[in-house]
Every structure is written in C-alpha cells, then in structure tokens.
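Here the structure is laid out as structure tokens; the discussion comes afterwards.
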Amino acid sequence: MVSVKPLKFEDDELLLLDQRKLPGKEEYFTCKTYQDVHFAIKEMVCRGAPLIGAVGAYGVALACREFINESQEKFQQETKRAISELSSARPTAVNLFWALNKMNKLLGQVMEENTAPEDIYPIILNEAHKISDQELQRNYRIAEFGDQVISNGDKILTHCNTGALATTGYGTALGVIRQAHYNHKDIFVYVDETRPRLQGAKLTAWELKQEQLPFALIPDSSAAVLIKNGDIDVIFVGADRIASNGDTANKIGTFMLSILAKKYKVPFYVVAPVSTIDFQAKNGDDITIEERSSKEVTEIDGVRVAPTDIQVYNPAFDITPAENITGIITEKGIIGPNNREIMTIQE
C-alpha cells in the first residue's frame, strides 16, 4: 500500500511534505502558525485541491492555538481574520473554501456556547483530524468505483498529479489507477509532464516509480499523437472545482486533452470527491481561474530560459466543458456530467 505521507500533525505543529523539492529531496515544511499554512498553500509547498482543503482546516486549528490566551472577543476577531486570510491563499480549488466554511461553522457553534478559547482548540483540532481522515476514506471509495471502468491491458493517460501527494494519502485519479494496479490488472500509464510546474514529471512519476507501476513520462505536446494512434484507452484527470452543470476546472492542459479525447472517442473521466463540486456555480464561467507568476514559465529551477522583458500568460487552470466529459467519479459513485445527476449527490 502507498506509504506517502503528505501531512502529519505532531506536537502542535503541521508538517507538510515539501512538494517543491520533490523528487530530489524528501523534506517536511513546518507550520507553526496559520500564516505558515497560508504561505504553504500559496507557494505550493502543498498542492492538490483535496489536500489544501485539509491543510486549510489545520490552519484554522493553529490559529485557535495561537490566540488561545486571548479574551473571547479578541479570540473571535483573530480567528475570523485568520480564516479570511487562509481563504485568499488560492482562489480556484473549492475544497479549501469547503473546509474553511466547515471550520468556521463549528467555531461559531462553540463560541455561541461561551466555550473558553483554551477548550476550543482541541475541538477545532479534532475537526481538522476528521476532515483529513475522512478525505482518505473518500479516496478509497472513489478508487473502488473508478477501478470498475479500467480493463486488463488498458493504456491510461493522466495529467498533473492526483495521487497521495494531492490528497491526504491515496489519490483521486491516480488513486483509481493505483487501485487497478493493486487489483493486479495489467495496465500501463502515460504521464503528461504538465508544464509549467512539471507536477507530472516531478510528482506523479515519483509516486508511480515508488509503486513499481509501469509508466512512461511524455511531453505534454505528444499526447495528441498517442491518442490519434490508438495508444490510449482511457484518460483520468482530477479537478479543482466542478460546477453544478459538470464544467470542470483542472490543471491547465486538461481542456486540450478533453478535446482530443472527444475527437478520437477516448473515455475521459474526471475523478474528485463531492467536496470539489461547487453547487453554487452554474457553469464554468462562475469559476475564478488563478494566474500565477511569469517566472514559472520563464525559469526552470531558478534558471532563466526565456528572454527578459517579455509578456507571459500563465493560467494555473482551464475549464473543461461538461460535454467533453464521459463521467465524474466520486465517493458516491460515477455520475453523468450534468446538473440533474450532480444535484442528487449534494451533501
């Protein structure tokens, strides 16, 4: 079974496997305050929608610990500010907002009961543990459903990193692939390098190598040739936010793959927990797309590879329209990418 631990909570500190340093170094980044958590999410020490949701929850717990000696009024003000700051770390992944809303609601309940700040911290910390543990259990259920659409001998294409590193320990799209491998299916995986941050090359390849699961790393630009030549049987991708009509925001390059999949009639599955669905978003137009630093495109590991004084467009995500998606694999089953089926699984 997978041994990757993307996060640990020990001695009132959150330890995050620093994904910026993989695959070269396996080091943990220590978060002692909610500000550390904000930095870790924003600067992609940790990444992946399900994981940053859990990490955000721990950020609220650390804020409660930080202000444990304040008056109830001051405690309430500071924790509210902390939640607001944490929510600004990254705008697209809805799991972060889902987790923060859950923590904020619980905080409001315990504050209404006039609970002392020193007694609130363990309650909030326990809730963060629950969110993290439940996320892992969701991954297992997702993997069981997803394995049903993988046949022995399948050649699979995946994009970005959707494994243990993107969740609290198993994976969404990569978790489905992992489950098929554990069930002794003869599969082969093609991994997009996923520019510009190379999550496929640095993270997914690292996870698959640890699992001894047969794979090949490919340039993003070669996916079309593989699909056209009939070398891909099914495509699995993750999601950062799914609108109520099935439109899906995911790592930049996903939309391009979905167009190819539709043209060449290759099944294209989005894999995500229900917490990734934004039931308030009518369609992809309601989803904010994060734009990141130009340095992610013009530099590789700090070395300039492009001319200076040029314009750069670097969206972190794109929107795949529902009509390009075969199905959405969740912990509640495989559903169609449409409003009717999506609304039936609303929590």
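Glycine is no exception: its Cβ is also placed from the backbone N, Cα and C atoms.
Pulled from Swiss-Prot:
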{"type": "BINDING", "residues": "Arg47, Gly48, Ala49, Arg90, Gln199, Asn250, Lys251", "note": "substrate binding site"}
{"type": "SITE", "residues": "Cys160", "note": "site 'Transition state stabilizer'"}
{"type": "ACT_SITE", "residues": "Asp240", "note": "active site, proton donor"}
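Here the features listed in Swiss-Prot are painted onto the structure.
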{"residue": "Arg47", "record": "substrate binding site", "DSSP (3 states)": "coil"}
{"residue": "Arg90", "record": "substrate binding site", "DSSP (3 states)": "coil"}
{"residue": "Cys160", "record": "site 'Transition state stabilizer'", "DSSP (3 states)": "coil"}
{"residue": "Gln199", "record": "substrate binding site", "DSSP (3 states)": "helix"}
{"residue": "Asp240", "record": "active site, proton donor", "DSSP (3 states)": "coil"}
{"residue": "Asn250", "record": "substrate binding site", "DSSP (3 states)": "strand"}
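Rounded to a whole value, the Cα-Cα separation of Arg90 (substrate binding site) and Cys160 (site 'Transition state stabilizer') is 17 Å.
Cβ neighbours of Arg47 (substrate binding site) (same chain, under 8 Å, six or more residues apart in sequence): Gln19, Asn161, Leu165, Ala166, Gln199. Within the set of recorded positions Gly48, Ala49, Cys160, Lys251, the entry lying nearest in space to Asp240 (active site, proton donor) is Ala49 (CA atoms). Here the C-alpha separation of Asn250 (substrate binding site) and Cys160 (site 'Transition state stabilizer') works out to 9 Å. For Gly48 (substrate binding site), the number of other Cβ atoms no farther than 10 Å from its own Cβ, over all displayed protein chains, is 30. Here the CA atom of Cys160 (site 'Transition state stabilizer') lies 10 Å from the CA atom of Gly48 (substrate binding site).
Binding-site extent for substrate: residues Arg47, Gly48, Ala49, Arg90, Gln199, Asn250, Lys251, maximum pairwise Cα distance 17 Å (rounded to the nearest whole number).
The C-beta environment of Lys251 (substrate binding site), restricted to residues of the same chain at least 6 apart in sequence and closer than 8 Å, consists of His159, Cys160, Thr194, Gln199, Val237, Gly238, Asp240, Ala316, Phe317, Asp318.
Within 8 Å of the Cβ centroid of the substrate site, not counting the listed residues Arg47, Gly48, Ala49, Arg90, Gln199, Asn250, Lys251, the chain contributes Ala93, Cys160, Asn161, Ala166, Gly238, Asp240, Ala316, Phe317. For Ala49 (substrate binding site), the same-chain residues 6+ apart in sequence whose C-beta sits under 8 angstroms from its C-beta are Ala93, Val94, Asn95, Leu96, Ala166, Gly238, Ala239, Asp240, Arg241, Ala272, Thr276.
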